[in-house]
């Protein structure tokens with residue numbers, strides 16, 4: 001989920017994304033990435049990057065998929081970053097230790113804290129996200145949709161089917 005570090009959810013603009021829309025956006029991202037590659041491997045930033053990385057890997061025909069596990073969110077608040085798991089030695093070797101020829105995928109770049117940390121680890125990798133906010137956008141090489149910094153994206157894996165009251169009734 002996207003977040004501003006100090007704002008509460010009531011001050012953000014909701015942006016619900018359906019599975020169909022997310023899949024279309026990931027395929028559109030892949031069309032752009034196909035012009036930039038080839039890539040030796042995909043690295044998903046977990047957890048948000050797992051679903052888009054799977055779609056991108058399928059569409060690009062990539063079989064080497066790795067993860068970098070970075071924790072920055074607790075519920076709806078952004079906190080300190082921790083690398084819980086780095087990329088494997090085999091994947092790092094494919095990228096010559098700097099990430100050259102590797103594709104890093106995440107669902108969203110928000111403030112850029114996670115992106116900056118991953119960029120420091122793999123400075124030559126190509127960094128792609130489905131969605132980008134203005135603060136983090138400069139860190140991303142390829143993205144599909146820009147949203148405002150005060151937008152809160154509700155990804156399909158974070159939501160369930162439920163009644164939505166009409167906007168006229170004060171629904172956000």
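A Cβ is built for glycine as well, from the same backbone N, Cα and C atoms used for every other residue.
Model, not experiment: these values are computed from the prediction.
Listed in Swiss-Prot:
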BINDING   47, 48, 106, 107, 108, 109, 110, 111, 112, 113, 114  5-phospho-alpha-D-ribose 1-diphosphate binding site
BINDING   107  Mg(2+) binding site
BINDING   110, 111, 112, 113, 114, 152, 153  GMP binding site
BINDING   110, 153  guanine binding site
BINDING   110, 153  xanthine binding site
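Where Swiss-Prot records a feature, it is marked here on the structure.
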| residue | record | contacts (Cβ under 8 Å, 6+ apart) |
| --- | --- | --- |
| 47 | 5-phospho-alpha-D-ribose 1-diphosphate binding site | none |
| 107 | Mg(2+) binding site | 48, 49, 51, 52, 129, 130, 131, 153, 155 |
| 112 | 5-phospho-alpha-D-ribose 1-diphosphate binding site | 135, 136, 138, 139 |
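Note: the CA-CA distance between residue 113 (GMP binding site) and residue 106 (5-phospho-alpha-D-ribose 1-diphosphate binding site) rounds to 13 Å. When Cβ atoms from all protein chains are considered, those within 10 Å of residue 106 (5-phospho-alpha-D-ribose 1-diphosphate binding site) total 30, not counting its own. Counting only the Cα atoms, the space from residue 110 (5-phospho-alpha-D-ribose 1-diphosphate binding site) to residue 152 (GMP binding site) is about 10 angstrom.
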